[in-house]
Amino acid sequence: MPNRPNCPHRTLNDMRPGHRARIRRHHARGAVRQRLMDLGLMPNVEVVLVRSAPLNDPIELKLEATNVTLRRQEAATIEVGDDD
Amino acid sequence: MTERRDLLVALAGQQNAGKSTLFNALTGARQHVANYPGVTVDKKYGQYGDTEGRVRIVDLPGTYGLTSFSLEERVARDFLIQERPDVVVNVVDGSNLRRSLHLTLQLQEMELPLVLALNMMDVAAGRGLEIDPQRLAARLDVPVIPTVGRRSEGREALRAAIRARACDHRKTAAAVDYGELEPAIGALVEHATITPELAAVPARWLALKLLEDDAQAQRQLRERLPAPQAEALLQEAARRRGDFETQARLDVADHLATCRDQTVGQLLAGVVERREDRPRTTLTERIDRVVLNRIAAPAFLVLTVFLIYQVAIVWGYELTNYTWPLLAGMRELVAGVLPDAGFLVDPYTRALGLWLVDSANTLLNYVPIFLILFALIAVLEDSGYMARIAFILDKVLHRFGLHGQSTLPFILAGVFAGGCAVPGVMATKGIPDNRARMATILTVPFMNCLAKVPLYTLLLGIFFVEHKALMMFYISTMTIIFALLVAKLLTRTVLRGEETSPFVMELPAYHLPTLGGVLRRAIDRTWLYIKKVGTIVIAVAVVVFTLLHLPGLSDARMADFEERGRAAVSSFEQAMAGNAYDWVATAEHITPLLNYYNDYKRAKLNASGAEGSRAVKARFERRNPDYFPLVAPPKGDRDARQASRELRKLSSARKSLRREMREERITSSILGIIGRGMEPVTRFAGFDWKINVALLSSFAARESSVATLGVLFQQDEDQNATLEQRMGEETRAGGATALTAVAVILFFALYPPCLATTVMVKVQTGSYKWMLFSIVFPTLLGLGVASAVYSIGVATGSSGIEMMSWTYFGALALLLLLGLFTGPGRRRPVALTTAPEHG
């Protein structure tokens, strides 16, 4: 599916602190995608947005066993499902 | 198996799995660090002996997987494929098995003989996890040894398992079923196994990598096979990849990752149990609620920077007051061994020898500061706060092409005032984004290193007595403005093509650093500094010495000085006539006596307190009882008192002659000629040749700029003015103004890093090209800025402080403009337009 502006899918970038969501799909490719998956941001994994940095970017996520930080730029490439 | 057999063992594992700690536990103190060929990744190796032979261990870089996307992974992969170690110890984080086992499965696919070190069992227990190692071992068909690296627990069991696995020639079986991709894998495996050139490469692994479209595997295939054969195999892989992706509407790499993740899930079912009686919030979470709080975070950060500054720079500098006498003592020792000084001209071996010792001492003087700085970095790294610093500041730094982890190098190099670019450049190692790392390396030298401060102090003392505080504020905050602007410029130009990677990293749980670990790293890094920098600086010191001494004084000038020297000696001889000590007024005694006198004066100056002063006296009396009354006349001995007075006069005449000779020599030296030759260019910045020479010699070490100026603005015999006064008078007489000083300050702020730093740039970038760039670019930039400011100032008739303010606020405005109105890069749209076609 080619990129459509205002595509209505929710991404990690749209989450608020304290919210919980399940990762659906990556929209990044290559090294970025690999790196995100390496750190445990795999499809179907549940994440909680812990906080954003004092200047709003990057954000901190809580995964099953670790906490991971990433920039909003990359967070916007990770599609998430609704809170469960 | 009883024969003696030496083993090669590789330690592989993810970052933060405690690999280095386990490596230390296994090998003890016998470690070495080298570079992998052609890249700047550290290759750490060490060894230990067991009953059957030596075991050599290579600590591979920490990697999450074995793709070809990052340098570390490529290096680790190449090592495993090419060296085929006897055993691979896969260090996994027991508290995060779910993520760790992905690498394990990939290592199995490479058919490597594995031993699993189930590390950080203490952390796992702390999180309420119960792990069954036997069951995991049975499922993976790999020996599993529980360890706690920090306490060396499980070390012997691990060593035994390594030996046992090496003697066991079983093949490692792959554990992952890739479902719908299996037919494609099977076909490629078949193709590969009938190709004799590929016998040494694990077939299933190769098939997977080719299906994954892995660039490095493709390259290796082309190297091993004749072109038509390689292309045929690559085309088949491409076709099968295409078929799979259209059919499954899924990327092969994603499919592989998902299958592995499922396998990991199956492996861990029933192996890891979580006790739910643990509190839901960990200590780390509670600390972070305070430390990463929106309002408190900047305060904690400022406090940390202040503490580093206070402990390392302020206290470390005080510590050098205690270590300096040791270095001074070493100089004396060398001076004693070298041939004695002549009356006017010293033997070359003496002059060069002392020059080398002085150059070395200048660098060694910083060792206490470095030890403390490096220990503090180790504490920050091990505690986990370092990652948080990056988290807090990434946004600002990223705007200018830098990275959250650029903060530490800037702090070390002296963001505000006082630091050193060498540890700053060394600390860039951990920045994962290559472009940001290069930008950091090239801008770190703009910080205010400790050695720049004396020149600033000198110039402010001469030209800005009224505006000292304001100028100091400008100077200390201007550096970061320049660094950010230059980083932005470089990122958009020369560094454009460099590899970047996303900012994705773990925020590890807080740990209490261990004393041993911190000390080891502090000492290792300091030693690296001494070794790498020391040797080169000595070499260049010889070159600078030569440039300052050649061609030397002309015979006519020399004869003139000798004449004046003889006149001073004969007036001493006349004055000594009839004195009880007149036997010293002979050619054979005069020079040794003068040297003795100088040594004594210097020793007295270095001695502390009445106690030390007495010791010096006793030492010199022992050294030469006949000369002693002349340097320290006994009470009531009038002849000795008079002789001592005459001696002082002669000594000061000799000193001033020597100083005059030195100035003439420098003026006519090669460096002096170069300095003069540069005047037509540096004129626009208002620099005369003396300043040029000082700036040139400051390349060897910043400190020497003030020292050289001291020589060039030498004082007359009876004048006892400070360098500030002398330089102020002379330069004002020569038409220099505060505007010149501003030009010099701006140039010095942007000037190329000192030699030691450029050596470190070479080490960290692995290229002479960048080292050269780090010298040439700042020189041109500095000269450009200094010339512009000076010329505009002259044209508009502005004062120094006015031009400084204009420059400062101009740069600040540019910075804010860039920071507010330009994005960090153009990756976001790219990432979205390349969204996969499926779904």
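Note: Cβ is positioned from N, Cα and C throughout, glycine not excepted.
As annotated by TrEMBL, GTP binding site applies to B:13-20, B:38-42, B:59-62, B:119-122. The Mg(2+) binding site feature in TrEMBL is assigned to B:N24, B:A25, B:T27, B:G28. Residues or ranges marked as compositional bias 'Basic and acidic residues' by TrEMBL: B:635-649. Annotated domain 'FeoB-type G' per TrEMBL: B:6-168, in sequence order. Taken from TrEMBL, the feature region 'Disordered' applies to B:634-654. Annotation comment: TrEMBL describes B:295-317, B:363-380, B:408-427, B:439-465, B:471-491, B:529-548, B:733-751, B:771-793, B:805-823 as transmembrane segment.
Mean predicted confidence for the domain 'FeoB-type G' (B:6-168): the pLDDT average there is 86. In summary, the transmembrane segment (B:363-380) does not lie against the transmembrane segment (B:471-491): fewer than three C-beta pairs, each 6 or more positions apart in sequence, are under 8 Å. In this structure, the binding-site residues B:T27, B:D42, B:P61 were compared by how many other Cβ atoms lie within 10 Å of their Cβ, and the smallest count belongs to B:D42. Note: the region 'Disordered' (B:634-654) comprises 17 helix, 0 strand, 4 coil (DSSP; helix = H, G, I, strand = E, B). B:P61 (GTP binding site) is 19 Å away from B:G28 (Mg(2+) binding site) when you measure Cα to Cα. Comparing B:N16 (GTP binding site) with B:N24 (Mg(2+) binding site), their Cα atoms are 15 Å apart once rounded. Contacts of B:M120 (GTP binding site) defined by a Cβ separation under 8 A and a same-chain sequence distance of 6+ are given as B:A17, B:G18, B:D93, B:G94, B:S95, B:V148, B:G149, in order along the sequence. Ranking the binding-site residues B:G13, B:G28 by C-beta neighbours within 10 Å puts B:G13 at the top. Rounded to a whole number, the C-alpha distance linking B:A25 (Mg(2+) binding site) with B:D42 (GTP binding site) is 19 angstrom. Non-local neighbours of the transmembrane segment (B:439-465) in the same chain are 313, 317, 366, 369, 401-403, 406, 409-410, 413-421, 424-425, 428, 431, 471-472, 475-476, 479-480, 482-484, 486-487, 490-491, 495, 698, 701-703, 705-706, 709, 723-724, 727-728, 731, 737-738, 741, 744-745, 748-750, 752-754, 757, 761, 764-765, 770, 773-774, 777-778, 800-801; each lies 6+ residues outside the stretch with a CB under 8 Å from one of its CB atoms. Note on the transmembrane segment (B:771-793): residues 441-442, 445-446, 486, 494, 681-682, 684-687, 739-740, 742-744, 746-753, 757-759, 761-762, 765, 799-800, 802-803, 807 of its chain, located 6 or more positions outside it, place their CB under 8 angstroms from a CB of the stretch.
Here B:K19 (GTP binding site) comes close to B:L11, B:A12, B:G13, B:D59, B:G62, B:V91, B:N119: these same-chain residues lie at least six apart in sequence, with C-beta atoms under 8 angstroms from its C-beta.
Under DSSP, B:K19 (GTP binding site) is assigned to a helix (H, G or I) in the three-state scheme. The list of residues near the transmembrane segment (B:471-491) in space but at least 6 beyond its ends in sequence, with Cβ under 8 angstroms from a Cβ of it, reads 397, 399-402, 410, 414-417, 435-436, 438-440, 442-444, 446-448, 456, 460, 464, 745, 749-750, 781, 801, 804-805, 808, 811-812, 814-815, 818-819.
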